[in-house]
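Let me begin by presenting the structure, written as structure tokens, before commenting on it.
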Amino acid sequence: MSAADANQVQESLEKLNLDSAPVASTEETEQTASGETEEAADSAQVSDTSASLYVGELNPSVNEALLFEIFSPIGQVASIRVCRDAVTKKSLGYAYVNFHKFEDGEKAIEDLNYSLIEGRPCRIMWSQRDPSLRRNGDGNIFIKNLHPAIDNKALHDTFTAFGKILSCKVATDDMGISKCFGFVHYETAEAAEAAIENVNGMLLNDREVYVGKHISKKDRESKFEEMKANFTNVYAKNIDLDFSEEEFKKLFEAYGKITSIYLEKDHEGKSKGFGFVNFENHESAVKAVDELNDKEINGQKIYVGRAQKKRERLEELKKQYENTRLEKLSKYQGVNLFIKNLDDTIDSEKLEEEFKPFGSITSARVMVDETGKSKGFGFVCFSSPEEATKAITEMNQRMIYGKPLYVALAQRKDVRRSQLEQQIQARNQMRMQNAAATGGIPGQFIPPMFYGQQPGFFPPNGRGNGPFPGPNPQMMMPRGQIPPPQGQWPRPGPNGQPVPVYGMPPVYGGDFNNGANGGRQQRGYYPNRNQNQKGRQQKDLAAIIANAPADQQKRILGEELYPKIVSTGKAQEPEAAGKITGMMLDLDNEEILALLEDDELFNTHFEDALTAFEEYKKSSEAATAEN
């Protein structure tokens with residue numbers, strides 16, 4: 001390096017000595033392979049024609065409009081996109097800004113990089129779509145043991161003296177606190193080598209930093225396995241608290257030459273009972289582990305084993321827990337039964353008595369709440385699958401204390417949830433196929449501002465014959481609605497849910513006339529409708545609907561219905577207003593227009609839909625509680 005370059009490096013290092021108070025030291029952190037911390041490793045050289053920028057470290061509240069205000073003064077912006085989660089639609093914390101001119105992109109990086117956006121310093125670099133170039137780590141370096149006060153900008157200012165930086169990042173936790181390591185990606189490998197040569201081992205903010213080439217996760221893992229097989233560092237615990245460091249060393253030096261030793265102590269200088277010993281060669285470390293592990297010293301059995309990093313220990317414990325859990329599950333596979341619909345008087349002893357005739361029971365338990373009252377379900381575990389199968393065959397639907405039992409093999413919660421999702425998906429596919437065969441999806445419209453409602457929104461009744469029987473005093477026809485022709489009542493679908501008769505208006509529960517008269521109703525949908533009394537606003541809306549495309553008509557009507565439903569104050573739950581709106585959108589457009597004009601007619605239909613929603617919610621909650 002020239003004398004001028006050396007002076008520039010020295011100035012950058014001096015600037016980095018921040019005045020902030022030092023914080024508690026952290027463990028030496030190894031290179032991580034997380035997606036967030038390797039973003040710097042993923043960046044690469046950019047072509048001269050590119051004008052697309054990656055903007056990271058964004059506050060979740062930042063949107064496209066705010067970014068346009070910030071970047072548009074630089075030059076003409078072609079497009080801006082904040083990347084969001086596909087399900088929750090929440091910001092992922094980064095965005096792409098596209099300029100028409102490459103020069104504008106360069107200026108944006110120069111002027112706006114690390115500037116505050118909603119209280120957070122943003123990180124801007126060229127977007128590189130080619131994954132092979134993004135993973136090219138020739139110019140990427142890794143820095144660890146950084147001072148916690150060093151941020152992205154301070155790191156960038158220090159290392160920019162060695163060449164053009166494509167990306168620079170200090171790794172942080174979820175709270176935005178530095179993890180004391182980071183990455184710098186240079187445009188050329190030569191610049192990276194110069195940075196390593198000049199900064200590695202230097203003091204930055206009173207800390208000696210390590211600077212080296214970034215190693216990919218795959219290479220790190222292979223190297224880590226090699227280190228595990230040839231370890232020299234040993235961890236010992238359960239050491240006598242009266243042991244001094246000299247005695248601790250004497251305990252291990254008989255097995256080989258020691259390069260370093262450390263006995264952990266508290267703030268008063270007393271031993272914490274554990275420490276580390278590093279041998280010169282692997283054989284000495286293995287010998288110490290073999291001969292000292294589980295050896296009794298001063299009346300205590302000590303543990304001696306290969307020293308592990310915290311992350312490795314946590315992963316190992318997690319694997320052990322998972323293996324134990326799977327072993328336990330496989331042990332009870334096919335022998336553990338779930339029983340529900342139990343009478344409140346049945347306790348664990350009575351439950352065991354009922355199932356005892358079918359085989360040897362290892363455990364039986366009725367689940368109770370905090371007051372000791374039965375929850376109405378329990379578990380019985382047999383010694384063999386054959387006994388469990390026999391119990392299911394004999395006891396399922398058997399009347400015990402006046403209630404039919406439900407008996408089946410017990411399932412894990414995640415398995416039950418997966419099966420339920422599959423059943424829902426299958427029903428949705430069946431409904432879509434049936435709808436496609438009739439040329440549309442009646443009763444299913446989801447405006448962008450609220451949730452729609454599935455057709456035939458009715459809870460199953462308790463009679464077991466579906467929710468739409470024929471002449472039944474308990475079933476009513478909607479006020480003013482023409483009944484379907486004979487034989488066109490909706491048939492029950494899966495789980496008792498009704499499948500709507502296409503081409504017929506949907507049936508809602510609520511304020512109905514008695515259906516025992518065979519469904520004879522006054523013909524005509526709008527008994528209170530008066531065309532001459534329509535207001536100017538309603539005529540305008542009718543004209544808009546008439547001129548709007550067919551696929552937009554329901555959306556327009558939904559935007560009129562939704563605030564009217566919310567204004568009633570009765571749809572208190574978050575999803576209630578949206579679902580009720582979706583139900584009412586199943587009506588014909590003319591009838592919806594009449595509802596918007598006639599408050600009395602609107603209230604009648606609203607109460608019907610609200611009643612149906614509440615009944616459905618109660619049945620859903622009951623089904624969830626049983627499961």
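Numbering starts at 1 and runs along the chain as it is shown here.
Note: Cβ is positioned from N, Cα and C throughout, glycine not excepted.
As annotated by Swiss-Prot, region 'Disordered' applies to 1-46 (among others).
Among the features that Swiss-Prot reports, compositional bias 'Polar residues' is placed at 1-11.
Residues or ranges marked as domain 'RRM 1' by Swiss-Prot on the basis of sequence analysis: 51-129.
The domain 'RRM 2' annotation in Swiss-Prot covers 139-216 and is backed by sequence analysis. Per-class residue totals from DSSP over the domain 'RRM 2' (139-216), listed helix then strand then coil: 22 helix, 30 strand, 26 coil.
As annotated by Swiss-Prot, domain 'RRM 3' applies to 232-309, with the evidence given as sequence analysis. For the domain 'RRM 3' (232-309), the model gives a mean pLDDT of 90.
The domain 'RRM 4' annotation in Swiss-Prot covers 335-412 and rests on sequence analysis. DSSP labels the residues of the domain 'RRM 4' (335-412) in these numbers: 22 helix, 30 strand, 26 coil.
What Swiss-Prot records for 511-537 (among others) is region 'Disordered'.
According to Swiss-Prot, the feature compositional bias 'Low complexity' maps to 511-535.
According to Swiss-Prot, the feature domain 'PABC' maps to 537-618, an assignment based on sequence analysis.
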Is it possible to list how many residues within the domain 'PABC' (537-618) are helical, extended or coil according to DSSP? 67 helix, 0 strand, 15 coil
